[in-house]
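A.B. asks: Quick paste of what TrEMBL says about this protein:
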TRANSMEM  7-33  transmembrane segment
TRANSMEM  39-62  transmembrane segment
TRANSMEM  137-159  transmembrane segment
TRANSMEM  165-183  transmembrane segment
TRANSMEM  221-243  transmembrane segment
TRANSMEM  249-267  transmembrane segment
TRANSMEM  303-319  transmembrane segment
TRANSMEM  340-362  transmembrane segment
TRANSMEM  368-387  transmembrane segment
Amino acid sequence: MNKNFILLITGQSLASIGDVLYMVGIISTIFALTGSATAASFVPFTITSSMFLSSLLTPLVIGKVNLKWLLTGSQLGKTGLIVVLGLFLSGISGANYYLVFLVISGIAFLDGCANPIKLTMIPQYVEPERLVRANGVAETISQFIQTVMWFVGSLFLIFMDAQQLIWVVSLMFALSSIMMFLLDNVEHQRSKQERKLDRTKVGWKTLFDVPVLRKIAYMEVLETVAATVWIAAILYVFVSDALHVDEKWWGFINGSFFLGLIIGSIYCIKYSSLVERKLAKIIFIGSLSSFFITILFSATSNPMIALLLAVGIGLFGQLKSIPQQTVIQTSVAKEKLSTVYTSLGAISTGIFGISSLGMGILADLFGVRSVFLVSGLMLAIVTLIVYKNKHLFVRNIME
């Protein structure tokens, strides 16, 4: 892997670690101040809502600003906001804690801008024949961070307070900004003068004009609904009501799911040439296996079997996801990729917020097993879409 790819992934990894750590610190602070789980739950709600808004508005600047400088600027903005947050925490109280949500909303908004740009820049810095391997490396690191840092973050709070943790995060964000600054410029074509509304529609138009992207957009809706069963609130209830074990098993199952994601990523790295040759077949196998295993998970009452099934769901989900990223990245010209990713991001964040609430209501009305059956049904439809359109899931642009 070349210098630019290493800088990009290392810088974004530092930012991702910082994101988890600052959320751990803020959630613990708000819960300590209010004693309210509802108030604490507004942290992820605020983040999701802001990222959704960012996905809608980011196309206004894409095409006007070089992607490298847009990514660097968003990370510098996050660094400035996290410093403001650290200063504010020294005077936080039950009367003014709501101001924290304004700051984390700003950080999440900038994150919503940075995430699709990162995915867009990977094919800018990586040769086409190494794209599957590069996506696998990026996903492995990302999932490892998600697996480890929520656990490690809570340990940090044992020997430092939330404000000190925020200062650690500010250092990570600053280092990330420096790495983004050191990236080489990517080729940049300034877009012609268009109305703002037209610029926001570019990604959506591309999604529905390109057949494979249109199918992936439909799949994104279904997969996002399916993925909401893995949020803490639902998985916690499943552990208690379906498996009849204590809350520590929630952590075990969550960890097993992420372990599966990591194994799937490593497989795609090790056998990248095989995956490259059989993109459609691997995507289909991943979809079909995820569907069957999710149905089995909904029916099990054995916690050890649930652990193994969670590994399988993560593994096959990742076997589908990484080749699918390669299909997306080679389906349109590079200058259109960022708008495609912002549109897909808007779909996933918007649907996730709505379906999280819907799945919670469904679990209360019909029992927690029902939501995993619904998740399996969504994945079954995804599998059918892939099977009927497997001729589309190929590398479409060779450079």
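Easy rule for this one: first residue shown is 1, then count along the chain.
Including glycine, each Cβ sits where the backbone N, Cα and C put it.
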A.B. asks: Could you check whether the transmembrane segment (340-362) and the transmembrane segment (7-33) come into contact, where contact means at least 3 Cβ pairs under 8 Å with the two residues of each pair 6 or more apart in sequence?
C.D. replies: no
A.B. asks: Please determine whether the transmembrane segment (303-319) and the transmembrane segment (368-387) are in contact (criterion: at least three Cβ-Cβ distances under 8 Å, sequence separation 6 or more).
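C.D. replies: By the criterion, they do not touch.
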A.B. asks: What else in the chain is close to the transmembrane segment (137-159), if you only count residues 6 or more beyond its ends and a Cβ gap under 8 Å?
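C.D. replies: For the transmembrane segment (137-159), the list is 1, 9, 13, 16-17, 20-21, 23-25, 28, 122, 165, 168, 251, 255, 258-259, 261-262, 265-266, 268-269, 318, 321-322, 325.
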A.B. asks: Against which stretches of its own chain does the transmembrane segment (221-243) lie, if we need a Cβ under 8 Å and a gap of at least six residues from its ends?
C.D. replies: 249-250, 253-254, 257, 294, 300-303, 306, 347-348, 351-352, 355-356, 358-360, 363, 367-369, 371-372, 374-376, 378-379, 381-382, 385
A.B. asks: Cβ under 8 Å to the transmembrane segment (165-183), counting only same-chain residues 6 or more beyond its ends: which ones?
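C.D. replies: Result: 4, 7-8, 10-12, 14-15, 17-18, 21-22, 24-25, 68, 71-72, 75-76, 78-79, 82-83, 85-86, 89, 121, 125, 153, 156-157.
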A.B. asks: Restricting to the same chain and to residues at least six past its boundaries, which positions have a Cβ under 8 Å from a Cβ of the transmembrane segment (368-387)?
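C.D. replies: Long-range Cβ neighbours of the transmembrane segment (368-387): 215, 218-219, 222-223, 225-229, 234, 237-238, 241-242, 280, 283-284, 287-288, 290-292, 294-295, 297-299, 359, 362, 393.
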